[in-house]
Amino acid sequence: MPPPRTLAVLLLAVVAVAAHGRLLASDGLPGQGSASDAAVLRLSSAGRPAGEAEEGGCEMTYGFLPCTETAGGNLFLALAYGFLMFKSATYLSAGSELLLEILGPGIVGGLFLPILGALPDALLILVSGLSGTKEVAQSQVLIGMGLLAGSTIMLLTILWGSCVIVGKCDLSEDSTTIDSQDTKAFSLFGSGVSTDLQTSYAARIMAISVLPFIVVQIPQILKLQSGHRLTLLLGLIVAVLLLLTYCLYQIFQPWIQRRKLEYSRLKHVMSGLLKHAQMHTFGHLVEDDGTPNVSVIEKLFHKIDLDNDGKIGRGELQAFIVGVNFEDIELDTNLATDQVMADFDRSRNSSIEKGEFVDGVLRWLEEAKRVVAGSGAYSKKFMDDFHITTGEEHNALLDKHEDDGESIENPTWTCFKAISLLLLGTAMAAAFADPLVDAVHNFSSATSIPSFFISFIAMPLATNSSEAVSAIIFASRKKQRTLSLTFSEVYGGVTMNNTLCLAVFLALVYVRGLTWDFSSEVLVIFLVCIIMGLFTSFRTKFPLWTCFVAFLLYPLSLVLVYILDYKFGWS
């Protein structure tokens, strides 16, 4: 069993063991705590039907998962279930990439992958008001709205600003960025990021996706006394139509997939070079404990530097690449040489010096560790795993019409693995969404902190952490192409929140006959999406100071909701 899955199972076991131990303590056994020591986690009394709440006690989810009445206990449960939701999102992401390898990026990349990416959020929103009485659902559905608002605003503020910081490069006199050159430290106007024009199109699509929020707010805007359910239904229809339109756009205009392909090709070339170097240099590039072996990297530099002038020219690099046997893809050595030169040559002097070479290899070794995290080996097999993984990713992103005849090595096993990961991720998301919502709701009751603010701040960390880490790593490459892909995926994630996740929320409110009193929450989502949408739709250069604009919107959103709900009584 892979280490992450083992950790997830062990964490769930700890929850159950903790519950069992506290139950023994609360039973007053000899040598245990006194009756005044209230149980933090408890199970139902013997003879009581499973899932039925004790008088003044808590109710177990599914009739057997532990529950608690204390703030500390609920915090622990929320962290445990949050971690399991994070793992479910990780499995869904891994399964989606393997599914691309089997079926190609067309319908899969445009339709299924965006939906699978938003699945954990959608399930949490669904279960927030699905069970219990109408009054309980009305109370818990605030958690779903908090997650929806928190996820959207976190992506456009904290993550967007973080990507600007880690991806910043020097700005030239005409305000264009110089790829991979970052010498101006934290100059607010002298450094920043740039994206391509198509990324601004993604931002415009994101801005348009707020239309359903406007529709459902029509009765409040016009101060109508009736028509609330009708506008909920209209908002649901608009959200679904926008979702279908967006997915069709992704299918027939897969430009994001093409940009992913370019980056994956570079990763596969680098993995092949590292694997070749591992086999033909004097020692391992990475020690058994994962520490890079700088002396071996320097030996590799001198091996490529044929004329011993202390730098690697384009011809020397191409000669080395030609000598590497890429059996799994038909490699364009000229393109591969250009890509590696652009990635390593930070000084832009058309040659790679020793320091640049060492830094470049160290960056790619870190990327290799991230890609094959959990393999547990930093030897020759470690490099083999990285090369195999990047090859699979490259194949997965190849368009069927541009396929050059490559075949998947073991399609049956790949298909089984993809389906298994997708089923595991979906099952975990479905199983632990409800307990997580219950834990957050109970923590809110125990601390008197509104559940909206807890879910707004904490729950997006469980469902969006994997995407956030991936986005920051992509941005750290400090290239316009990778930054364009990063910001495009951020805007795409927000678009899915505003369509799929909102559609689930509106369907829940409509079917259960809940009251729509989320005007302040809708307002902050609308304002952040429109501000960031307009800000990013008509420009492609973002100096460093723009990240502070994004960061500032996050606390302002929380303050605005608090003022509108608790000072002006909008809730």
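Note: Cβ is positioned from N, Cα and C throughout, glycine not excepted.
Positions annotated as domain 'EF-hand' by TrEMBL: 292-327. Sequence annotations record features per position, and here TrEMBL assigns signal peptide to 1-21. Feature annotation from TrEMBL assigns transmembrane segment to 70-86, 98-119, 139-166, 201-218, 230-252, 415-433, 453-475, 487-510, 516-535, 542-564.
Two recorded stretches are said to be in contact when at least 3 C-beta pairs lie under 8 angstroms, sequence spacing 6 or more; the transmembrane segment (415-433) and the transmembrane segment (516-535) fall short of this definition.
Counted as Cβ pairs under 8 Å, contacts with the transmembrane segment (453-475) are highest for 139-166 among 70-86, 139-166, 230-252, 487-510, 542-564. Residues 121, 124-126, 128-129, 132, 192-193, 437, 440-441, 450-457, 459-460, 463-464, 468, 471-472, 475-476, 483, 486-487, 490, 493-494, 497-498, 501-502, 505, 508-509, 514, 518, 521, 524-525, 528-529, 532, 542, 544, 546-548, 550-554, 557, 561 of the same chain lie 6+ residues outside the transmembrane segment (139-166) yet bring a C-beta within less than 8 angstroms of a C-beta in it.
On the 0 to 100 pLDDT scale, the domain 'EF-hand' (292-327) averages 82 in this prediction. Taking residue pairs at least 6 apart in sequence, the transmembrane segment (70-86) and the transmembrane segment (201-218) share fewer than three C-beta contacts under 8 angstroms.
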